[in-house]
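A.B. asks: Here it is, the structure in full.
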Amino acid sequence: MQLRAEEISQIIKKQIQNIDKAAQVTETGTVLTVGDGIARVHGLSRAMAGELVEFTGSEGGSLMGLVLNLEQDNVGAAIFGDTSSIKEGDAVKRTGRIMEVPVGEATLGRVVNALGMPIDGKGPLETKERRRVEVKAPGIIQRQPVTEPMQTGIKAIDAMIPVGRGQRELIIGDRQTGKTAVAVDAIINQKGKGVICVYVAIGQKLSTVRQVVDKLDAHGALEYTIIVAATASETAPLQFIAPYTGVTIGEYFRDSGRHALCIYDDLSKQAVAYRQLSLLLRRPPGREAYPGDVFYLHSRLLERAAKMADVFYVVSKGTKIEGGDASYRGIDGKAHVGAHGMHSAKDSLWKTIDGALFEKLEQARKDEKKDEIKKLEQQLSDKAKASDYEIVRDPKSGGSLTALPVIETQAGDVSAYIPTNVISITDGQIFLEADLFYSGVRPAINVGISVSRVGGNAQIKAMKSIAGTLRLDLAQYRAMAAFSQFASDLDAKTRAQLERGARLTEILKQGQYVPLAVEKQILIIYAGTQGLLDSLPVSSLSRFEEELYKFVEAKHPQIFTDIREKKVLDDDLKSRMTKAIDTFKKRFAVEAGGASTAADEDGAGDDEEEAPAPKAKSKNAKSASKAKEK
C-alpha cells in the first residue's frame, strides 16, 4: 500500500486540528526536606499563603498540604496525612484552591476527620456544598446581642453561669475534672430543642472519642450531632486544622437561620500542635515557646461564634423569600438589619403607603408629643394592614453559633499563657476545680471565679429571680465555712447559714448524662433558697430531689407547665410550688422515719437543736428512779 505525500499532510493537519488548544498550565515544585508533618518545597514561587498543594509520592499516592510559610527560595507546607510516603525530590503541584470541607444535612450523625472526610464506616458523605475553612468572622452590623438561653441542663451552670445562644463560654480546669462530661451533658440536653451540635475532639485518645460517640448514640443525641475527630494518633497539621473544620460545619447551620453549638475539646492541644508546626517552620518562639500569633489562632476561631441579626424586608403581599441572599432588597430598596431592623422596616412601610402622615409622625416624635405619636402610629398601622405591602423576615437570618471551648490547666494555673489568652477572648468561663471534684462535688464548678458576662441577659426571668439569692447564699457559706474552721463556738445565725449552704451545695450536685429541664432546676433551687429543705438531713437530699420531681409530675403537672410557658415566678406559682414541696416533704419524712416527722411537725430548724431532748429525758428518768429508792 502506497501513501501519497498529500494524504499524509492532510492526516497530520486533521490531527493538529483535533488537539485541544487550551493548554493546562500548572506550577510544580520539588520536595527539599520532609519530616514531622512539614515539607520544604522548592519551585513554587507563585504559591499563596493558605493555598492547598498536592504532593505526589514516589509510590503513586498523593497527599494534600497547606502552605504556611513563604520564604525567598522555598515554601513551608503542612502535610495532611502520613508523611512516610513523601520523599525528597517528589513532585508538588499547586492547586490554586483554598482548603474547603463538605457541609450540609448529610453530615448529621457522622464522624469525620479534620478534612471533613467520613471515618465511621457509614459510606461517603452525600453533600451538595463545600465551604472554605478560613473565612472572616461576622461584622458588627451582622450581629445582634445575646438574648436566647442555651440551656445546658446542669443546675449550677444554668442558674449561676448561664450561657446564651451566640455566646462563647470557656470550660477550664485540670485534667480529669469533668470538662468533657459538662460538654457532653450540654449536647444531650439539646434534644428536641432544634440545636445542631458539633463536637471537635483534638488530641484525644481514640477510645475516649469512641466513648463519647457511644454515649451520644445511647441518649439519642447523635442524630443532631457531628463529631470531628483529630485524635492523638493524627499528625500536628490535622490537630491544628480540626477546630476550623468544626466551626465551618457549624456555620452552615447558623447561616441557614438555625442554632448550632460547637465544642472544642480541647484548644490546649491545638495550641501545642500549632507550636510544633511553628517551631519546625523556624518561626521565632515567644512566651512558653508559642509563636507570636497564637492569640490570633484562637481569636479568629472563636470570633466566628455569633448571634446573627434578623433581616427584614418591605415587600408586596404574598412575596416568598428564600433567604440568605445578601444582595436582596425590598420595594424600598433596603434590607433592614440589626436590633432595630423591625422598627426601621415599619417606618419604611409607613412612609411608602402615606408619606404625608409619616412626616407628621416624625414631627410629633421630635416634639415628644406622646399622645399624638400613639394616635398617628395607630392610623398608619391600620393603613398598613389594608395596603398591598407587608414586612417579612429573612428565614435564613437570626441564626446562632455558640462556642464552648475547653482548656486544660496545669495544677489549676489559670494565669498561664493559653488560658489567659482564651479567657480574654471568651464571654466568661466555667472553672472546674480538682479539690471540689475529689471531695465529691460534681460537677466540680468553682462558682466564685466562674462567670458569664452576657448570658444573664438570656436567662429566663423565673431562673433569674432565684439565682441571685443562690449565688449570694453560696458566697456567704464559703466565707462562713472558712471562718468556722478557726472558731470554737458559733452563734445560731452562723450555724443556720452553714446548714443552708451545705444543703445548697448538695442540691447543685448532679450525675453525669442526666441533664435537667429548666423547670425542674427552678423547683429544686427555689426549695433550697427559700429554706424549705433546712429540716431535711443533707444525706437524704439526693433521694428527696429525685422523688420530688416524680411527685410534682404526677400530682401537680401544671406547675412545670406554667414555669415552662410563663417563664416567670408570680405569687400564685410560688404559693403552689411551696405547697407542693411542703406536702411532699411530710410524705417523705413519714417514709424516712419518726424523727424526721417530728422535725417537720414541730418546725424544727436543724438536727443540732433536736439533740439535747433525749438527754433531758434521761436526766428526769434518773431522778425519778432515785426518788423511788429513797
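Residue 1 is the first one shown; counting continues down the chain.
Quick reminder: no glycine exception, Cβ is built from N, Cα and C everywhere.
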A.B. asks: In Swiss-Prot, which of the ranges 358-396, 592-630 has the region 'Disordered' annotation?
C.D. replies: 592-630
A.B. asks: What is the separation, in Å, between the Cα atoms of Gly178 (ATP binding site) and Ser450 (site 'Required for activity')?
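C.D. replies: Distance between the two Cα atoms comes out at 15 Å.
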A.B. asks: Sorted by position, what residues of the same chain at least six away from Thr177 (ATP binding site) have a C-beta under 8 A from it?
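C.D. replies: Listed in sequence order, they are Leu432, Glu433, Ala434, Phe437, Ala444.
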A.B. asks: Can you check which residue among the binding-site residues Gly173, Gly178 has the largest number of Cβ atoms within 10 Å of its own?
C.D. replies: Gly173
A.B. asks: What Cα-Cα separation, expressed in whole Å, is found between Asp174 (ATP binding site) and Ser450 (site 'Required for activity')?
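C.D. replies: The separation of the Cα atoms works out to 15 Å.
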A.B. asks: For Lys179 (ATP binding site), what is the secondary structure state per DSSP, taken as helix, strand or coil?
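C.D. replies: Lys179 (ATP binding site) sits in a helix per DSSP.
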A.B. asks: Within 8 Å of the Cβ centroid of the ATP site residues Gly173, Asp174, Arg175, Gln176, Thr177, Gly178, Lys179, Thr180, which other residues of the same chain have their Cβ?
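C.D. replies: Here the nearby residues are Glu408, Leu432, Ala434, Phe437.
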